[in-house]
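These notes are about the structure you will find just below.
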Amino acid sequence: CLGFPLSIFFIVINEFCERFSYYGMKAVLTLYFTRFLRWEDNFATAIYHTFVALCYLTPILGAIIADSWLGKFKTILYLSIVYAIGQAVLSVGSISELTGGSANNVAPNIALSMIGLILIALGTGGIKPCVSAFGGDQFEEDQERQRGTFFSLFYLSINAGSLLSTLITPTLRATECGIHTKQECYPLAFGVPAILMAVALVVFVIGSKMYKKIKPQGNIMLEVSKCVGFAIKNRFRHRSKKFPKREHWLDWASDKYDKRLIAQTKMVLRVLFLYIPLPMFWAVFDQQGSRWTLQATAMNGDFGFQIQPDQMQIVNPILIVIMVPVVDSVIYPLIKKCKLNFTPLKKMTVGMFLGSLAFVAAALVQVQIDKTYPVFPAAGQTQIKLINVGEIPATVQFQPQLDSVNIAPKKETGYMIYEASKLQSVHISAAILNKTVPLGLQKKERYTLAFKWDSTDISSNLIWDNITSKPENGKSLVRFINSLPYTVNVAMGNTDFGELDPLSVTNYSFVPKPDGSYTINASMPEGACTAVSKKFGYGSAYTISLDYCVANELSITYFEDIAPNTVHMAWQIPQYFLLTCAEVLFSVTGLEFSYSQAPSNMKSVLQAGWLLTVAVGNIIVLIVAGASTIDKQWAEYVLFAALLLLVCIIFSIMASFYTYIDPNEIEAQFSEEKKEEHKKDQDDNEKEAEIDSRM
């Protein structure tokens, strides 16, 4: 078909579905940990990066199984089955009804989720080194151009799957579902990737009769490991001074292994030595799905349409699709015209520097977010806010002999901080009426004093505000205060707040969709009145006063207890841009450099080494998240930026001592030497034969 083996189309479709499945699941994973399993941010981050680390450790196992035992086809098939089962188990584990809708008992959900994630890590990691290589196996030697086109299509399918899933699954997650309680629909968000993985498996099996299946030929990684192990063991055995030194420690393997393998191993180890600082880059890069997603939950996602916090990750694949051709066709040629020697290792160094800058940008955004957080009372302090729900202005004096404030009708003061031991009462003056209200406020608590003037009295209600932090995960809270002179029954949307006596207050309730509007219904003795709420915004808390009803229209006043998220998610775009530029310079160049510096039969060793750096990078994050005593998130971002900058300097020094080689030339020399030895052996055999014939 168009000069391509028909089998490769099944492989490309399989890869698209598998990547959709993986990235779609991964996009919502952090919020699943924090919102559904109710884990705190550091623990959720640690588990997320443990999972990613496993996904990058298992490819080594997959490569060994494929090359030494089952072959690529069977390895992909069997591990894809494990993968699909893992996705299904994770989806089932996210059903809240497993525990009868109880939010307090999530142990079964945690157990199933962890089993599912382990199976997914084994599956996705195990097939990772096999699928692209299996696709390359389908081509003949004279189909070099078609093979190159296949790898381009393969890369495109990866990005297409990543783009679509990162857009779709957070939207599915944000919908509501459930039998006992309506909440974010994680079974659907995980279920769709599970279905796509099942489709990937079916597509792969359908093409099975068309595939060219090459038998396992042994794994070069095992050979290299054995060669290195023997050299170390032999060197240790001959550590006495009576044994002459050898030029390189690997030369001690020459007693058992041929010179060609030893020379190739030396080339690989030179590159692997440069890999030592690289995990720090991945420690920064992979926080897009954890820390940066959590950062987005405290931001405003209104772009004219609502962007979910986990959808911001889509910026990276979009920018990758744009940046790779721009950098290759514009930036690099321009640098070349300027006659700058921009070597691969220099590109990687610049990439690490840009990664460090990305986290500086993230820290600056976090500082702005922190400024929007409400201030809560410290030890020994208390907070009080005054709300005048009446129609007459009032003056309130804090006693004994503290300050006083004037409050207009339907207005509030905002929370004021006092020493709990000093503030005893308030004196309210409105028109010709006066009232003293004793307080008795507790330390480290927030209170609201609502009051109202009428012709004969000033009525008041001291309310304990049971909020100790900004609503988590971008949720919003709302409660109602009844300013009417009679009891009403209040509902907003599908939430029933119950009966409300004059000047009494409901408990706070979560707003299902803070970016939506709801109908507020107040049932009164003479009928029902309605009003349409405003959009509350994410991360806010409001008290809504029910003021009066005219012609079935309810008049209400909003009092802002906690401001909504005001820092826009668009401010994350610069840090995503810097990190994507870093990825293009670091990751793409790093693989290209590694392949150019390794012998043809050792590519898989470097691929394993590269994936190992990603795994170690994620382990660094989970260690920092688990052990860090830094309580300010911006400071943690600065810490990672500083560490990456330090590693960048170390890497640049290491790179300056590196000498570029051409493995093909070295291999050609060995081939030539082998030919000469073979020719010499032939000549010797001929001479021996000639002597024998004369005898």
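Every residue gets a Cβ built from N, Cα and C, even glycine.
Annotations in TrEMBL come from automatic prediction, not curation.
Values in this document were obtained by computation on a predicted structure and should not be read as measured data.
Taken verbatim from TrEMBL:
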type	residues	note
REGION	671-695	region 'Disordered'
TRANSMEM	46-64	transmembrane segment
TRANSMEM	76-95	transmembrane segment
TRANSMEM	107-127	transmembrane segment
TRANSMEM	148-168	transmembrane segment
TRANSMEM	188-207	transmembrane segment
TRANSMEM	267-285	transmembrane segment
TRANSMEM	314-335	transmembrane segment
TRANSMEM	347-367	transmembrane segment
TRANSMEM	608-630	transmembrane segment
TRANSMEM	637-661	transmembrane segment
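Remote same-chain partners of the transmembrane segment (46-64), defined as residues 6 or more beyond its termini with a Cβ less than 8 Å from a stretch Cβ, comprise 26, 29-30, 33, 39, 75, 79, 117-118, 120-122, 124-130, 219, 221-222, 286, 289-290, 604, 607-608, 611-612, 614-616, 618-619, 621-622, 625-626. Here the transmembrane segment (148-168) has long-range neighbours at 4, 8, 11-13, 15-24, 27, 132, 135-136, 138-139, 192-193, 196, 310-311, 313-314, 317-318, 320-321, meaning same-chain residues at least 6 beyond its ends whose C-beta is under 8 angstroms from one of its own.
The stretches the transmembrane segment (347-367) and the transmembrane segment (267-285) are in mutual contact, each linked to the other by at least three Cβ pairs under 8 Å (pairs 6 or more apart in sequence).
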